[in-house]
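Some features that Swiss-Prot has for this protein:
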- 32-39, 59-63, 81-84, 148-151, 186-188: GTP binding site (BINDING)
- SER39, THR61: Mg(2+) binding site (BINDING)
- 24-207: domain 'EngB-type G' (DOMAIN)
Amino acid sequence: MAFLLHQARFYTTVNHLRDLPPTVQPEIAFAGRSNAGKSTAINVLCNQKRLAFASKTPGRTQHINYFSVGPADEPVANLVDLPGYGYAEVPGAAKAHWEMLLSSYLATRSQLCGLILMMDSRRPLTDLDRRMIEWFVPTGKPIHTLLTKCDKLTRQESINALRTAQKGLDAYRDQGVQGKLTVQLFSAMKRVGLDEAHELIESWVRPSVADEKSEPVAQ
């Protein structure tokens with residue numbers, strides 16, 4: 001099966017909101033803790049080995065990286081790799097810059113149509129993960145959580161992790177959050193959940209195509 005994300009390439013990197021590209025294509029943001037496997041997940045989803053880079057020093061990268069998706073001469077979307085968060089040794093000034101950059105981008109970027117939130121399946125819904133959710137939910141746009149590294153869990157542990165994350169997300173719905181909050185297990189190493197993630201992301205950037213696929217065949 002051919003996936004749209006397999007046509008991905010580096011587009012640009014920015015360090016300030018004023019430098020965000022004036023593109024009109026829909027954007028899918030990827031966020032997560034510095035050790036949640038975000039870069040690895042992006043590379044696997046895009047079927048490339050070195051599209052997204054993880055800093056050798058966790059938390060060091062404070063830039064927003066853009067990857068265009070679709071035909072090179074007529075891209076249909078952008079994947080947006082947000083800076084990793086949660087590394088304790090990052091200086092205070094860098095943390096402040098991170099908070100301003102991410103919170104403002106998530107709250108105000110009109111092209112943004114959904115957030116892919118990476119959480120280590122062994123440590124889901126940390127305080128910083130919740131902060132990311134709370135920055136984004138006022139937009140009413142969907143959040144899809146990938147519980148990464150699920151290959152490191154037993155089957156029962158995976159079930160428990162999924163239930164824990166689902167329960168945490170349900171609490172936001174109980175508070176009246178309008179946007180969709182969904183979650184799945186994911187392993188870049190074992191390629192668990194890859195098709196499910198592909199299909200969901202493509203449904204965000206090409207909803208008309210997704211609707212056509214879901215329509216029953218006329219008899």
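Each residue, glycine too, has its Cβ placed from N, Cα and C.
Structure coloured by features recorded in Swiss-Prot.
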residue: GLY32; record: GTP binding site; Cβ contacts under 8 Å, 6 or more apart: LYS38, GLY84, TYR85, LEU117, MET118, MET119, ASP129, THR148
residue: HIS63; record: GTP binding site; Cβ contacts under 8 Å, 6 or more apart: THR13, VAL14, ASN15, PRO83
residue: LYS149; record: GTP binding site; Cβ contacts under 8 Å, 6 or more apart: ALA36, GLY37, ASP120, SER121, ARG122, SER187, MET189
residue: PHE186; record: GTP binding site; Cβ contacts under 8 Å, 6 or more apart: ALA41, SER121, LEU146, LEU147, THR148, CYS150, VAL192, GLY193, LEU194, ALA197
State the count of C-beta atoms found within 10 angstroms of the C-beta of ASN35 (GTP binding site), not counting that atom itself.
17
Neighbour tally for PRO83 (GTP binding site), based on other Cβ positions within 10 Å of its Cβ
23
Please classify the secondary structure at PRO83 (GTP binding site) using three-state DSSP.
coil
Cβ neighbour count within 10 Å of LYS38 (GTP binding site):
25
DSSP state at GLY32 (GTP binding site), helix/strand/coil
strand
